[in-house]
């Protein structure tokens, strides 16, 4: 595979004590793109980011930034800036010193340093705190200083390592919007690591889903949402997560397929699945793609186990068949009570079929 | 005011427990303070007054004035000050890079080195005394202050490295990474980022080293012969009276108390700064 772009990774690997943390990753990022690495802890996303930053050596592979290979270039000479989860501000320096530290080491003229600092302080509303020590600032303010320290350098590439995970929920939402606004304003190429799929969905131009050191899928947030390539991506992207039901494919009949769910009820999908005939697999359906229906239209029945009112939405946990708990999302305010029977249908177009190995069946030729 | 029913019983049942607390506290305080009190009282007495049972006899300042007007006393104090300061300084200079490596870099045998260092610091002085004596004689340091500095370093250095390793290790690793991205080489990171952050640890280590050397007796006794290189603890140990039937307790106590003053003043001076430094740092 040939890759070209602003940032390219070519067969990048990292092994540590004989254990492969990053396995043969190739990726290309366009100039100005906001790319989010997402995955559960231990999937190698932070290690990958640190390798791009130059803080971690590669076991093999090539990293290039802006057309230049930087695989063995020192971190400070790669033209990247990084924001750390712990902010990593120098506690004994003022906010101003924290932000201009790098510029003074690079021996920029004093008037230019002052100009850059005042501009960044204005953008991030840090002017009142320039002479404060980080210890006296709140979490959100420290976070802004850490971002400011990255911006003043005018880097070619921004790296964020779980920057919002130390903040409380409200501040996290607020900072997320600030980050998105900032990216639109500066237009700098950005790599962002998080384990939070909401951050990934809202910030990213493209998401890279990582699992056990390997890329599971790359795509825009909606691509990942609508056409997850694997069970893992399907379960990871989207909140509340997708429902999974074991299935057996009975037969494909022209343009429709007859499935059996959990060895009991049958379901007919409006797409042919010839490759899977006679095999077992998994059916995935998102909570928002199940409709509560009345009477004859209903495909299935279940019993309400729990009702979670989220305000605009209500999430129902429904016992389905023998031992399956389905999550069903409704917008209606009239909600069923616990213990009640409930009739519902799956939107046939929104059903995802995965084979035995957890790979999505891509016969729904619309995509 | 009438108390609600049951309150009296509550108050009474708790009286003995608070009483016990005071008893235990008093005993715990008396144990260390009584000898000090005795030393203080004795240092202001002379001759037969030493054996007086009157707790507060009229004080005599003769012991103190005698000591302070004695040039040998000042000379010995200066020796103590020079050797203890030199040891503290050299220890810090040598221990900082060693502790940095042990605390912040991973290399083969790191834990072995740490265990060896702790072992060295635990060794009884007497175990290496004869060996050290030979080395010091060969180096021509006998009866010079250099012999004490040399010998004290054997114990001060491992201890200091061990202490400082902990301080360096506790610094967040992200600070290193941030420094590297900012373009700091390792020397610059140590000098500009790490040392300012561990300075309470440096001050505490330096202070402990200074106090240990200031109080050191065995090496001082063994490696010095004449007044020229004698330190305070040895000098106090050698105080004697004109008559062999008399021990000048008063003088000894006065000398001991004067000798404890510099470390106490140093601790008082640094204590608040160390505490402030320890709490001011940490960004988390």
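Glycine residues also receive a Cβ, built from the backbone N, Cα and C atoms like all the rest.
The feature transmembrane segment is assigned by TrEMBL to B:20-40 (among others).
Sequence annotations record features per position, and here TrEMBL assigns domain 'ABC transmembrane type-1' to B:77-270.
Tertiary neighbourhood of the transmembrane segment (B:81-102): same-chain residues 110, 113-114, 145, 148-149, 152-153, 156-157, 160-165, 167-168, 190, 194-195, 202, 205-207, 209-211, 213-214, 231, 262, selected by CB-CB distance under 8 Å and a gap of 6+ residues from either end. If you look up TrEMBL, you'll see B:81-102 (among others) marked as transmembrane segment.
The transmembrane segment annotation in TrEMBL covers B:114-136 (among others). Listed by sequence, the residues of this chain that lie at least six past the ends of the transmembrane segment (B:114-136) yet keep a Cβ under 8 A from its Cβ atoms are 102, 142, 147, 150-151, 154-155, 158-159, 161-162, 165, 218-219, 222-223.
Annotation source TrEMBL lists transmembrane segment at B:148-169 (among others). Non-local neighbours of the transmembrane segment (B:148-169) in the same chain are 83, 86-88, 90-92, 94-96, 98-100, 102-104, 114, 117-118, 120-121, 123, 125, 128, 132, 135-136, 139, 141, 194, 198, 201-202, 204-205, 208-209, 212-213, 216, 219-220, 223-224, 229, 231; each lies 6+ residues outside the stretch with a CB under 8 Å from one of its CB atoms.
The transmembrane segment annotation in TrEMBL covers B:190-211 (among others).
According to TrEMBL, the transmembrane segment annotation covers B:247-270 (among others).
Long-range contacts of the transmembrane segment (B:190-211) within the same chain, counting only residues at least 6 positions beyond its ends with a Cβ under 8 Å from a Cβ of the stretch, are 84-85, 87-89, 91-92, 95-97, 100, 104, 156, 159-160, 163-164, 166-168, 171, 175-176, 179, 184, 263, 266-267, 270, 273-275, 277-278, 281.
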